[in-house]
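Feature annotations, courtesy of TrEMBL:
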REGION    31-59  region 'Disordered'
BINDING   72, 74, 99, 120, 148, 163  S-adenosyl-L-methionine binding site
DOMAIN    79-248  domain 'Ribosomal RNA adenine methylase transferase N-terminal'
């Protein structure tokens, strides 16, 4: 075997080194060993992504997995089995799986469920999933929907069991709990930091708008933590499994109003409500949205003021409306309270006071988009 010292190799021109690298790749491929990443290859689509090659059965499926797209495949069979067991899936169940990837969790679910409906937008993953399931003779039990999970309606399902792509966790959880679906539970593998926020309570530093909204209609429990080393490619953070149960009874509240109200309150969650509702921009916004004629016939929407001559009158109306907002906060003894420390019962009570006074937080003529509302939560 030819051996060269490091110093002698460094004297070779780059084009010779490139040819040598290609030959080494070819020799490794013939021997069945995975190829080296060529440091002279400038065709990498995304320098922040990881190129992963994995052998499955007698075939070598080569897929480029991107961290930036939330593509992290859970490979630890022990963790996969634990997720399936904790979900409570049984022989008569139809399971909804979102983001199945190449099917590591899907195959486990197909072993115990009656049917699995998998929603996967990446057509490369869809093909790999079809191939693996067909090889196991389980194709009749699987339905694949090759669409964006945020933009498609889900068919009937009894349970949700899924490794959720990190970049759509918030709107997807909101879609499940507010989308009008009826299911027994949702067992979800989420980024650990996101799961902590979902599990947080008033007074916790992680308590935020998403937790407030989910707690309105569902209960969330922690199942287990999962190390980042159990994924390919390895993400930067660990994950957690949570289980969501829809509540049988929910408060009688207009959800569009609730979502818009919590967005206002939790825009600065550690600022007092009094400070939030005294902001001129917020006062003007609520004045234009509100049914002010039901509140005070002397207060008129800002759009009636069209000329600079009316600026003084406009300022008077704004000031009067601001005092009404603050007066409601004071009547509830919440002016100096921070949203991050309030329970849902306190927030619901405050919203009811505002609405009874004719003050609205959402344009009643426009339906609210759940995905858009929770995209930044």
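Each residue, glycine too, has its Cβ placed from N, Cα and C.
Residue 99 (S-adenosyl-L-methionine binding site) has a Cβ environment of 24 other Cβ atoms inside 10 Å. Taking Cβ-Cβ distances under 8 Å and a sequence gap of 6 or more within the same chain, the neighbours of residue 163 (S-adenosyl-L-methionine binding site) are 72, 73, 74, 99, 101, 105, 189. Local packing around the binding-site residues 120, 148 was summarised as the count of other Cβ atoms within 10 Å of each Cβ; on this measure the leading residue is 120. For the S-adenosyl-L-methionine site, whose binding residues are given in the record as 72, 74, 99, 120, 148, 163, the maximum C-alpha distance rounds to 21 Å. A simple way to gauge crowding: the CB of residue 72 (S-adenosyl-L-methionine binding site) has 26 other CB atoms within 10 angstroms, across all the protein chains here. Note on the domain 'Ribosomal RNA adenine methylase transferase N-terminal' (79-248): its mean pLDDT in the predicted model is 96.
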